[in-house]
Structure formats: structure tokens, C-alpha cells
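Some notes on the structure that comes next.
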């Protein structure tokens, strides 16, 4: 599995297959579909789990661990959580999107449903791209950073990193800069994905307002 996600060819294939699936689901249908209560349960369950994971990882878990654990311990935990988090989110996002399009495919001409389909599609693709293309290099850079910091005797503090003598090491600073760039990109894409999920929550709240 590690080899699979460390090479770009499988990532390209998975991305291409996912785009083809999206195009198929978005293809207009003239007949309105109905789903059973079981599929409705799966739809609501996948959506709520997706939003819950986003809130927990972004605002609770990450911040709590950052201010509670030594940096290297925090980094080791993130190395385990990051791949699973974005894989879980991409899977849940796809399930929610697929069921939504199955029931609303014939109504995609309406602005409301088009916006939801577009938002959920963007959310799924962003999380897939992060998992396949950004997470692997981030983890590699994180491992390099931790190894260098340990050899220099820094990184055991909690919270803000004290570079110590590494602030004069060009090789480390280059790795650190690349790490921060990818990490910031992932954070921004995660917030955009979360905004898309929140938009769907707003949509659902209007549909359930009669309860």
C-alpha cells in the first residue's frame, strides 16, 4: 500500500477513474429516482460522519495535540492520522455525492441542486488530490525534518518549534520551507472542502425545516 501511494502512476489512474465516475453520475437523467430508507440512512450517516471528522480533526484534535505533546510525538501522530483522515473524508464525500446525484440527477437543472452537486464534487476531488498527491510528500518531508531535528537535539519542546542551531543549516531550512508550503496548501484545501460540506449542511437544514 505504501508503494502504491508513493508512485504517481496509480494516483493518476485513481484520479482519472474518479473523474469518470463523477461524469457518469452527473450525466442528465429524464426520470426521477427514489431511494429506500436504508440508502437515506447511509446518505445522512456518511454526511454527518464526514462533517464530524472535519470538525474534530481541524479544530479539536490537531490543536489539542499541538499544545499538549512534544513536537516529535505530535508529528508521529500526524503521520498516522493524515492519510487515514483524507482517505476517510474522500470516501464519505463520494458516498454522499453518489447518493445525492442518484436522487437529484433529473433535477440538476435547478440552481440549488447544481450548486450542491458542484460543491460536493469539488469537496471530493480536493480530498482525493490531497490524499494522493500532497500527503505522501508531506510525510516524507516530516520524516526528514524529525530525523534532522533529533540529531541536532531540538524538537522535544511543546508548541512552537525552537530551531536552535538548525536556523543556520541551509539543508534543513530548505526542507522546512517545503514542508510548510505543502502543509499550508493542505490546510487551505481542507478549509475549502469544509466550506463545501457546510454548504450542504445549510442545504439540508432547509429541506428538514418542516420537521
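The backbone N, Cα and C atoms fix where each Cβ goes, glycine too.
Per TrEMBL, transmembrane segment is recorded for 12-29 (among others).
Residues or ranges marked as transmembrane segment by TrEMBL: 41-65 (among others). Remote same-chain partners of the transmembrane segment (41-65), defined as residues 6 or more beyond its termini with a Cβ less than 8 Å from a stretch Cβ, comprise 35, 74, 77-78, 81, 85, 88-89, 92-93, 95-96, 99-100, 190-191, 193-194, 197-198, 200-201, 204.
Here TrEMBL flags 46-145 as domain 'TMEM205-like'.
Annotated transmembrane segment per TrEMBL: 85-103 (among others), in sequence order. Note on the transmembrane segment (85-103): residues 18, 21-22, 25-26, 32-35, 39, 42-43, 46-47, 49-50, 53-54, 57, 116-117, 120-121, 123-124, 127-128, 130-131, 135, 193, 197, 200 of its chain, located 6 or more positions outside it, place their CB under 8 angstroms from a CB of the stretch.
Residues annotated as transmembrane segment in TrEMBL: 115-134 (among others).
Sequence annotations record features per position, and here TrEMBL assigns transmembrane segment to 182-204 (among others).
If you average pLDDT over the domain 'TMEM205-like' (46-145) in this model, you get 91.
For the domain 'TMEM205-like' (46-145), the DSSP counts in helix, strand and coil order read 93 helix, 1 strand, 6 coil. Away from its own ends, the transmembrane segment (182-204) comes close to residues 47, 50-51, 54-55, 58, 89, 93, 96, 112, 115-116, 119-120, 122-123, 126-127, 129-130, 134-135, 137-138, 141 of its chain (Cβ-Cβ under 8 Å, at least six residues beyond either end).
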